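Peer 1: Have a look at the structure that comes next, please.
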Amino acid sequence: MVPCWNHGNITRSKAEELLSRTGKDGSFLVRASESISRAYALCVLYRNCVYTYRILPNEDDKFTVQASEGVSMRFFTKLDQLIEFYKKENMGLVTHLQYPVPLEEEDTGDDPEEDTVESVVSPPELPPRNIPLTASSCEAKEVPFSNENPRATETSRPSLSETLFQRLQSMDTSGLPEEHLKAIQDYLSTQLAQDSEFVKTGSSSLPHLKKLTTLLCKELYGEVIRTLPSLESLQRLFDQQLSPGLRPRPQVPGEANPINMVSKLSQLTSLLSSIEDKVKALLHEGPESPHRPSLIPPVTFEVKAESLGIPQKMQLKVDVESGKLIIKKSKDGSEDKFYSHKKILQLIKSQKFLNKLVILVETEKEKILRKEYVFADSKKREGFCQLLQQMKNKHSEQPEPDMITIFIGTWNMGNAPPPKKITSWFLSKGQGKTRDDSADYIPHDIYVIGTQEDPLSEKEWLEILKHSLQEITSVTFKTVAIHTLWNIRIVVLAKPEHENRISHICTDNVKTGIANTLGNKGAVGVSFMFNGTSLGFVNSHLTSGSEKKLRRNQNYMNILRFLALGDKKLSPFNITHRFTHLFWFGDLNYRVDLPTWEAETIIQKIKQQQYADLLSHDQLLTERREQKVFLHFEEEEITFAPTYRFERLTRDKYAYTKQKATGMKYNLPSWCDRVLWKSYPLVHVVCQSYGSTSDIMTSDHSPVFATFEAGVTSQFVSKNGPGTVDSQGQIEFLRCYATLKTKSQTKFYLEFHSSCLESFVKSQEGENEEGSEGELVVKFGETLPKLKPIISDPEYLLDQHILISIKSSDSDESYGEGCIALRLEATETQLPIYTPLTHHGELTGHFQGEIKLQTSQGKTREKLYDFVKTERDESSGPKTLKSLTSHDPMKQWEVTSRAPPCSGSSITEIINPNYMGVGPFGPPMPLHVKQTLSPDQQPTAWSYDQPPKDSPLGPCRGESPPTPPGQPPISPKKFLPSTANRGLPPRTQESRPSDLGKNAGDTLPQEDLPLTKPEMFENPLYGSLSSFPKPAPRKDQESPKMPRKEPPPCPEPGILSPSIVLTKAQEADRGEGPGKQVPAPRLRSFTCSSSAEGRAAGGDKSQGKPKTPVSSQAPVPAKRPIKPSRSEINQQTPPTPTPRPPLPVKSPAVLHLQHSKGRDYRDNTELPHHGKHRPEEGPPGPLGRTAMQ
């Protein structure tokens, strides 16, 4: 029996929780050590603090408590003896052991899995084992059994060793070598019992069995090592894709242990199968040239381009192969203009209008033209951008890519073979966020396919996948990895040209069924390096059943903890920190948590596509919101129907009932099949599609697809020699401290890990201080070591990340891990940093301080993913671009007021939405237009604080609420408080908290804006925006005849209050310096009682002064407005007519339209203050319609 105080592989935080519940000094438990294999940790509670002592085994498998130098060590043959000894007083511990904390009773009330053995009782979750579970190893806790329980009589049966000896004697062993037979007998007689002890204590190690198998396989391993090179040479001989000059990498034979043996045998069988396939393909198809290009036919898009307010239809033809963008006025007409790929500088997506795109092109006279087009829908625009990116990539002069596209697919096949045609899955066609037809011919760089309940063999499934991809892309993809656990499988395929860019391939699996061995649930994973970027992929099948949510959560934690992928040097970090990009997908089995009697109501909502109502009850979204699973992961918005449980061979009916022996079982329609991802901070990743197919119906699940753009780095070679002065880079952390949620009484130190460091760096111990709410604050001050990167070129160093682990000095166990990006907008400057700390998937605290980065001289080249940017215009409506939510704000830095003033911008200064808070980037403008700051655009310091991300979960995660009832969805005006806020993280454009701006209920009309250059479209009611007369004096511009002002984007909590920004803008309006503040007058004639419409940004407390909005485009030259005195402002009364400011030059048609309807608008009774004068030519302020609602 395992003692009640032995808790096996529970986490440190769980141990602290159990001890804290008892509240008694001397309470104790033993758990497995997280830092040393086969070691244990003795945890003792004393005065509400947890003290941890390490229990180490020696070479003779005797146990001792690690002690300080000079203290004599006591050894014990069993853990029980050690615990009994330290129950005595004054034995060296902080207090003697008194109250053992028993194991928690596991919830066994749920029905067993449909496909598992019901008669087996499920013990606590343990790590994967290397041998089948025996009866003795199942006894995980002391439970009183009745006489009817057959296990109660196990003590009267022969021992396991005797039983196996009898079995060995009955076997024919005449063919066994004598030394092998003797080794087996020795193992059964003495060593089996010792291995059994390891199993009982929850260890996954069986050292004596490994020694036995190593001895038995010694000669076989040598033969395999000698045979493999010959087979590999034969395989390369028939490989059509391999370059002739490529030489195989030398392989160093590893140790002849069972793990290496299994790996080599698997490699041997795979090679034999591969050689046969390659010879067949070569004889059938003949040799083909390596890196055969895929031909993408020209694609034509019908768009609208507006001129003087009149839309004109045009044709944009993208010829990827020739590298041209052709512009035609009619589909069958001659070419009007064309631009080569070198002349196309940038694509700028409108954030508010999802079908609008700006193209920046360079003319022959080296001028920059800004061309605006409106596509039929957002999918067409996205397809156009992908084709242009493909063109840029195809004709790029860079030897290595800096962005790749990844396809992720997950499908529970329901133990049924697939249909003949599954290409819609790989084309991302069906429901949800799908790809446009124009992108069909663009192959992804990497395809990752995860299946569950897969009835096919690996060879059969691989042939189907490759054939389907070749049918739609004309590319023969290379197999990177394939790994199977029971019926859970993951396949990774890559383009042939990427074969030599992929290295360090690793596969692993974790069982999460009954006792971690029985059943069919678990996970398989693959990881590899793509040049300098680490990628990880996990396909999991979690426990089924709507009521088993907690067990699913535990499945996730076990996979997270025990899946061994990636760089083994990153031992303190689990898979969520080991990869630049980690993708987790599969049949996660989280359900819609509603009563069974609402089944028909659910189906009706699905038919009406009311997914938001159902997603508010989605278990996975709820658990993520409460930070119980998938902490800091991302998921694209779900806009497709639930993928489970359908009647087979149709997608029109959900089969939500199933008759079982125990009664009727309900499986309400749910989104069981999901794709989530987690990337390092400030790394480019955009989800381009997320949906499910509608035509693959052999299973009760529908396949789910997701596609991503992901930034990658190359294997960088420094241009500077190691001896040059400017190559000495340095990373310095200053005034750093960690806040931990722990009751442990120990000292802490930091470890810094990174691929840019030669090896990890360890710091000195920090100073502990008591924090608020029982937290512990560990301050490191100026004692942290200065890190020396191996390469200091900024092109390399700014793409790197530093992984931080805070560890206990006593046990060397990690208490939290975090990640810091080195992509800083300024070097040689101290900048604030922040990262949350997590451990085993739980939030354990945070780390913050300052960083100073020193690089060598050099420039960073523009990345391919910078070619497509998102213009930060006004906050968009309900359908914002989801690419802007591709980073968790918890991963960003809390940086306050560090945006330097910006007086102008260039083409490359448009912020990438995935590089939130990086520098003072702003929107582009033609280079031949001189840029000047207007008084409304004085530089303002913005905060880069990133708040914890809770809001993005749910049906409308990260998006702004719908447009208020009285607010028109479209306005031709843009608003930008200042130039400096161009560095504001785009996420602030997506969230408009309802509590912001409540004191700014007064809706302020505003004047026409003569300072703007042509915007995305023109409206005749507002006049043409094509000319730029000089601005009117400020005194005249403040007259109450201006049209309604659009509400500016409201930042999330944690961002600098917009009231601060607007105050500074007001100071600029009055011509005052920032140090001299003038109170703004309250113009009551513009006060509006509507609280839901037209609020000024973020709570403008002055509430009175109407301000001229500044276009999100860069301003044109303008004279400084006349500064009115306070008396002049106060003398302005709305009923008194005031001189009108000069209006922009308008076309005759526009003037006629305004003159003919001006008085009707002026006299309209819907105006909020129809007693006030308005000029006839002025357009009606939209405020008039909203104030009455």
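Glycine is no exception: its Cβ is also placed from the backbone N, Cα and C atoms.
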Peer 1: Which is it, of 176-190, 221-235, 446-460, 1016-1030, that Swiss-Prot names as region 'Interaction with DAB2'?
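Peer 2: Here Swiss-Prot associates region 'Interaction with DAB2' with the stretch 1016-1030.
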Peer 1: Looking at Swiss-Prot, which of Ser289, Ser951, Ser971, Ser1039 is flagged as phosphoserine?
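Peer 2: When Swiss-Prot is consulted, phosphoserine appears for Ser971.
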Peer 1: Considering the residues Ser571, Ser960, which is the one that Swiss-Prot annotates as phosphoserine?
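Peer 2: Residue annotated phosphoserine in Swiss-Prot: Ser960.
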Peer 1: Just to confirm what the record says: which one of Tyr644, Tyr666, Tyr915 has phosphotyrosine annotated in Swiss-Prot?
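Peer 2: Swiss-Prot annotates phosphotyrosine at Tyr915; the rest carry no such entry.
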Peer 1: Tell me which residue from Thr963, Thr1136 Swiss-Prot records as phosphothreonine.
Peer 2: Thr963
Peer 1: For the motif 'SH3-binding 3' (1040-1051), what's the mean pLDDT in this predicted model?
Peer 2: 42
